[in-house]
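Chemist: Dumping the structure here so I can ask a few things about it.
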Amino acid sequence: MSATGGAKSFTPPDIAKAKGKAPIVCLTAYTTPIARLLDPHCDVVLVGDSVGMVMHGLPSTLGVTLDMMIMHGKAVRRGLERALMVVDMPFGSYEEGPEQAFRNAARVMAETGCAAVKLEGGESMAETIRFLTGRGIPVMAHVGLTPQAVNAFGGYQVQGRGEDGDRVMRDAQAVAKAGAFSVVLEKVPEPLARRITKEIPIPTIGIGASPACDGQVLVVDDMLGMFTDFRPKFVKRYAELAEAAEAGIAAYAKDVRQRRFPAPEHVFSDMPKPVKGGEAA
């Protein structure tokens, strides 16, 4: 897919129709400036609950609240024109049952202006996905490693190795049958991701999965080198912005301490500035 050439925003049906075609480009965003940078290049922009770790300093995504997601969703919405905006449903906002999920997802959509929500889980979430999609809320699913279940998994291990691959396959099939328009496959063996992509009718979006997936997603702070606490194996760094920022900050601090900033060109005189017509500014 391509988010260039035309002003029309992508919709969930557009993404669903991309199955088997040009790869879907997806990145996360949490702020208006980053959303503006992503919009010309991305088909999908995900307001991920990873915001809790990369922007709020939380140790996991479990402490992210619905209000946090809505706040960041509003900011991202202001920066998008073309890309489809999807907002993560945070831990505790949908697991209780379909009614709770609908109530909170409807609030997220109404207050952020997003076009879809994403929730984690496979067979266990099929009923909820069916309930939401049947009431006008498009759902992007998420199977494999689901970070909100990190305590149940005992860590961030690869999911679906050996016989466990059948479980991940069933999860992917279940969310597709329930009506999800796409599914994120996170941290699963490459052959399994390839097989799931071939066998289910909805687009797969990989993160630590396979180049054969119908699309790819990364956390923008990871791929731009802004989040440096740790670096997952599946992340490719396309820039090193933290290093550049640190160098700029150090240069600024040095100039201030040596009274080289502000320089004459950065300050104002007490004389009126001439303008056209001889009038003073």
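Keep in mind that glycine also has a Cβ here, set from the backbone N, Cα and C atoms.
Remember, it's a predicted structure, so these values are computed and weren't measured experimentally.
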Chemist: Among Lys21, Lys74, Lys118, which residue does Swiss-Prot annotate as binding 3-methyl-2-oxobutanoate together with Asp49, Ser50, Asp88?
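Modeler: Among Lys21, Lys74, Lys118, only Lys118 appears alongside Asp49, Ser50, Asp88 as 3-methyl-2-oxobutanoate-binding in Swiss-Prot.
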Chemist: In the same chain, outside Asp49, Asp88, Glu120, whose C-beta lies within 8 angstroms of the Cβ mean position for the Mg(2+) site?
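Modeler: Neighbours found: Gly48, Ser50, Thr61, Val64, Met89, Pro90, Phe91, Lys118, Leu119, His142, Pro147, Gln148.
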